[in-house]
Amino acid sequence: MDNSIDMKKAQNKLQVGPSPHIRTRRTTKSIMIEMLIALVPPMIAAVYFFGWGVFIQLVVASGVAVLSEYVFQKMTHRKVTISDCSALVTGTLLGLSFPVTVPLWVVTVTSIFAIVVVKQWNAGLGNGGIGRNYLNPAVTARVCAKIFFTPFFTDWILPTGFLGGPYGGVDAVSSSTPLEFIGHGAQSVSNQVPALRELFLGANLGGNIGETSKLAILVGMLYLIFRRIISPKIPLLFIGSTVLVMCFWGSFDLEFMLTHALTGTLFFGATYMATDYSSGALTPGGKTVFAIGGGVLTALLRIVFDYPGGLGIAIIIMNICAPFIDQKLMPRIYGHKKRPEVKFDRQSPNQL
Amino acid sequence: MEFSFMYKEGGAHPDEQKGFTDSKPIVEASVPKIMVYPIAMHIGAPADPIVEVGDQVKVGQMVAKEGGFVSAHVYSSVSGEVVAIEKRPQAGGGEVDSVIVKNDYAYTRAEPIVKPGHSSEMTNKKIIDTIRKAGIVGMGGATFPAAVKLAPPEEAKIDTIILNGAECEPYSTSDHRVMFEYTDEVIKGIDIVSQLYPDLKNIYIGIEDNKKDVKKALEKATADNKKVTVQTLKAMYPQGSEKNLIKSLTGREVQPGELPADVHVILLNVSSARAVYHACELGEPLLERVISVSGTPIRNPQNLKVRIGTPIESVIDDCEGFSEIPGKVLSGGPMMGRAVGDLSVPISKGMTAVSVLTRQEAQIDEPEDCIMCAECLHVCPVSLQPILISEAFERGDIEKAEKLGAMDCIECGNCSFICPSKIPLLDNIRGAKAAIQAKQEG
């Protein structure tokens with residue numbers, strides 16, 4: 001054949017190596033980019049309800065996150081890994097988890113804290129870095145921000161429209177979050193709570209900019225599930241168990257139950273925070289327990305404590321428990337009668 | 001409705017790549033001048049050459065005799081002159097003693113190994129002897145001598161035969177075409193094997209649900225045999241692994257250190273069943289097999305009926321050669337196959353396919369830090385935690401790797417394939433296995 005490739009020439013260029021010889025196209029970076037894509041619907045909702053000002057908040061949060069990872073890794077002479085986009089995801093999640101009234105310096109400090117203290121330093125629990133942090137950076141930093149900086153953003157403003165918002169020059173209307181009316185041990189829905197439809201769409205709802213529209217979050221959640229980035233069982237079991245506990249607490253009051261499902265950070269946290277690889281459980285059984293535990297704790301914290309923001313604390317508690325859960329729920333190996341009995345640890349081989 | 005998009009645990013879905021060849025009829029491969037017969041195309045002791053340089057051999061004449069109980073005879077698949085007995089490169093890597101025969105293209109046939117046409121009257125011992133004589137091995141790639149496998153101790157009480165037609169490796173379509181085109185031969189092969197087991201209750205033919213045409217053909221051919229069930233399985237890798245298939249079809253699990261016979265099951269590859277028919281009914285030793293030659297760099301991918309001993313370069317020529325410089329040429333598929341560095345390597349008894357990858361497909365990126373996505377746990381067919389074994393090995397903690405079940409790994413390659421951080425998980429697990437074995441041997 002005229003245009004055939006010479007067999008000897010082909011043979012000389014052959015590669016050899018152990019099986020498997022192919023790899024999935026998915027990479028760490030592509031997973032992070034898919035996370036960002038899944039965050040686009042809540043971002044659109046945030047802009048729609050709170051105005052263009054949210055962009056500044058998001059840019060500051062994600063920019064500071066990426067920059068602080070870069071600076072930290074340079075200063076500690078580690079490999080710079082900002083190109084994997086994981087810091088960008090953490091920063092974006094943080095940006096979405098503040099109300100639009102938050103001062104930008106609070107966002108900045110929280111972002112640095114998330115990356116440097118929680119992710120890279122692993123809150124002092126061991127070696128940090130991607131895949132190694134025991135605590136969820138965005139959640140932990142956000143909970144700390146709430147504890148230390150609450151006076152700076154107590155008032156949750158209601159959305160004022162597409163081009164309005166605090167940076168649009170229109171007077172902001174301050175309000176409480178709906179959760180404050182059904183938390184604090186309440187067992188039924190107060191008439192100050194917006195209608196379920198509004199809670200679902202996020203219309204006329206105060207709150208952190210990313211979490212008000214459950215519809216937008218649902219779109220993001222479905223994207224992540226269909227793209228197989230997250231296991232569907234985590235968000236479903238998480239939300240499901242909160243709802244179930246509320247169902248019993250509210251004596252099977254459907255409206256009370258649904259209101260709980262649709263208020264606060266539950267949807268946002270169950271979709272984007274509880275599904276974090278690094279701080280979640282590793283084993284299939286562990287993931288189930290993690291999700292149910294997180295959901296139940298969220299409900300209990302809302303009921304028992306005078307504290308509506310229970311989800312963040314619930315996730316942190318489950319983050320701390322995750323390695324112990326995994327230890328107990330290592331999968332039974334094919335053909336074996338018992339689970340492997342060996343200490344579960346997630347210490348990196350090259351950092352010891 | 002099945003939610004196949006959902007997380008499926010215990011398997012992966014590499015691109016099937018079967019479209020290159022799955023609808024192409026099997027064609028006869030050309031026979032080159034020089035044929036190469038390695039004395040070790042099976043697991044166990046290598047065979048001993050029984051011919052000398054200068055000898056004339058016939059088609060179906062033994063050139064190497066089994067070297068022990070777990071071993072297999074090697075036959076010449078052409079007639080001609082033995083021109084050398086020397087070390088030649090082999091698909092498994094390294095070199096192995098091989099009998100080199102110069103083809104005279106006369107195809108003079110040797111005596112059949114048994115009188116043809118009497119398989120139904122054979123005693124069990126005769127059947128096993130004939131299978132042994134024919135040099136049949138597990139032709140799905142395992143290459144374990146069939147005569148040993150098919151004759152477990154009587155107390156094993158075999159109640160189930162599984163014909164493995166899952167063919168879960170990407171690119172491979174040889175079993176698919178064999179089941180479709182040689183349906184009767186395969187079924188007759190199973191009939192012969194089923195004579196061996198008085199306690200036999202079920203014969204399962206396990207095929208993946210991407211082979212609809214085969215299911216029909218098999219069901220038609222087995223309509224009057226009540227014991228046979230043609231069972232479609234979800235297309236998933238490694239659906240065709242021994243342990244996986246036994247679990248899928250019978251619900252039984254083979255314990256560590258046990259064989260399928262210990263759970264009363266005999267597994268047989270499609271091509272091996274056909275070879276049993278050829279041996280017992282036609283008196284032919286194992287001389288040929290069907291392989292698929294496929295991949296983007298192959299100009300005209302095909303299913304070929306090849307005489308064992310034909311060098312790979314000859315079958316690639318039959319497929320009109322390469323259309324681009326390939327990255328890897330594989331004996332088998334891309335998940336468990338072996339990379340071949342020399343195209344003079346012969347087609348051996350257990351070679352199901354020659355799969356060729358482009359340089360881009362064969363590209364493997366540098367590993368990054370693990371992100372704990374847990375994908376390797378999801379895809380492991382034996383429920384290991386590959387990343388933990390890999391990390392224990394990298395730390396030098398062999399004891400821990402052992403406790404985590406490193407020895408239970410079936411080396412299917414799913415973990416390395418699925419890892420987004422491109423960590424060489426299977427390489428590390430293999431390393432751990434080698435270290436554990438070394439430790440056990442003292």
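Each Cβ is built from the backbone N, Cα and C atoms, and glycine gets one as well.
Averaged over the domain '4Fe-4S ferredoxin-type' (B:360-392), the predicted model reaches a pLDDT of 94. Residues annotated as domain '4Fe-4S ferredoxin-type' in TrEMBL: B:360-392 (among others).
TrEMBL lists B:C370, B:C373, B:C376, B:C419 with the feature [4Fe-4S] cluster 1 binding site. The Cβ neighbour count for B:C376 ([4Fe-4S] cluster 1 binding site), using a 10 Å radius over every protein chain in view, is 27.
According to DSSP, B:C380 ([4Fe-4S] cluster 2 binding site) sits in a coil region rather than a helix or strand. For B:C380 ([4Fe-4S] cluster 2 binding site), the same-chain residues lying six or more positions away in sequence with a CB closer than 8 A to its CB are B:G10, B:P386, B:N414, B:C415. Taken from TrEMBL, the feature [4Fe-4S] cluster 2 binding site covers B:C380, B:C409, B:C412, B:C415.
Tertiary neighbourhood of the domain '4Fe-4S ferredoxin-type' (B:400-429): same-chain residues 11-12, 14, 237-238, 241-243, 256, 335-336, 364-371, 373, 375-376, 378-382, 384-390, 392-394, 435-436, selected by CB-CB distance under 8 Å and a gap of 6+ residues from either end. Per TrEMBL, domain '4Fe-4S ferredoxin-type' is recorded for B:400-429 (among others).
Sequence-distant neighbours of B:C412 ([4Fe-4S] cluster 2 binding site): residues of the same chain at least 6 apart with a C-beta under 8 Å from its C-beta are B:Y237, B:P238, B:S241, B:M335, B:M336, B:P381.
As a summary of secondary structure, the domain '4Fe-4S ferredoxin-type' (B:400-429) carries 17 helix, 0 strand, 13 coil according to DSSP.
Sequence-distant neighbours of B:C419 ([4Fe-4S] cluster 1 binding site) (same chain, 6+ residues apart, CB-CB distance under 8 A): B:E375, B:C376, B:L425. Comparing local CB density within 10 A for the binding-site residues B:C370, B:C373, B:C409, B:C415, the maximum falls on B:C415. Less than 8 angstroms from a Cβ of chain A: among the binding-site residues B:C376, B:C409, B:C415, that describes none of them.
Annotated pair B:C370 ([4Fe-4S] cluster 1 binding site) and B:C409 ([4Fe-4S] cluster 2 binding site), C-alpha to C-alpha distance, rounded: 20 Å. Taking the C-alpha positions, the distance from B:C373 ([4Fe-4S] cluster 1 binding site) to B:C409 ([4Fe-4S] cluster 2 binding site) comes to 20 Å.
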